[in-house]
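Taken from Swiss-Prot, the feature Fe cation binding site covers H54, H58, C128, and the record attributes it to sequence analysis.
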Amino acid sequence: MPLLDSFCVDHVKMKAPGVRLAKSMKTPKGDDISVFDLRFCKPNEEILPEKGTHTLEHLFAGFMRNHLNGNGVEIIDISPMGCRTGFYMSVIGTPSEEAVKKAWLASMKDILEVKDQDKIPELNKFQCGTYKMHSLDEAHAIASKILAQGLVIINNDEIKLDVDAMGLKKH
């Protein structure tokens, strides 16, 4: 099995919260695709709470589109990482990390403006697979923490992991 890109970065050195361009590629038709690592938590030190992450997923996706889509950029998907330290965002186009950072911060402010659980998009049994697993309070706490700490741009060269030199397994 090939070693995935996400396992070729040193999670010990990774700063958080921060934005990282995880991958860029071209489709066979020549379209640019960018994948961003939106790291909310320092890996192996903290994780996002389950219910707050789920609520954030419902809110963050729409707000990021409001702030980032346009001028050749369109968000394909924003999904939480299995390790619960952040989200991956796939985008058509090549927005700068600074533009992503600005949109992320604006989205966190928008999340704090949502005052009622009933205002969470698609929060019903027809559109959400676990519609009872939400917490607006936890989502607010996550957003507040990001705004208080600010965001860094994560440099890929600084966190590149040499799996051969470290003797790590490549499955």
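Placed from the backbone N, Cα and C atoms, the Cβ positions cover glycine too.
Shown on the structure are the features that Swiss-Prot records.
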| residue | record | Cβ within 10 Å |
| --- | --- | --- |
| H54 | Fe cation binding site | 23 |
| H58 | Fe cation binding site | 18 |
| C128 | Fe cation binding site | 17 |
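Secondary structure from DSSP puts H54 (Fe cation binding site) in a helix.
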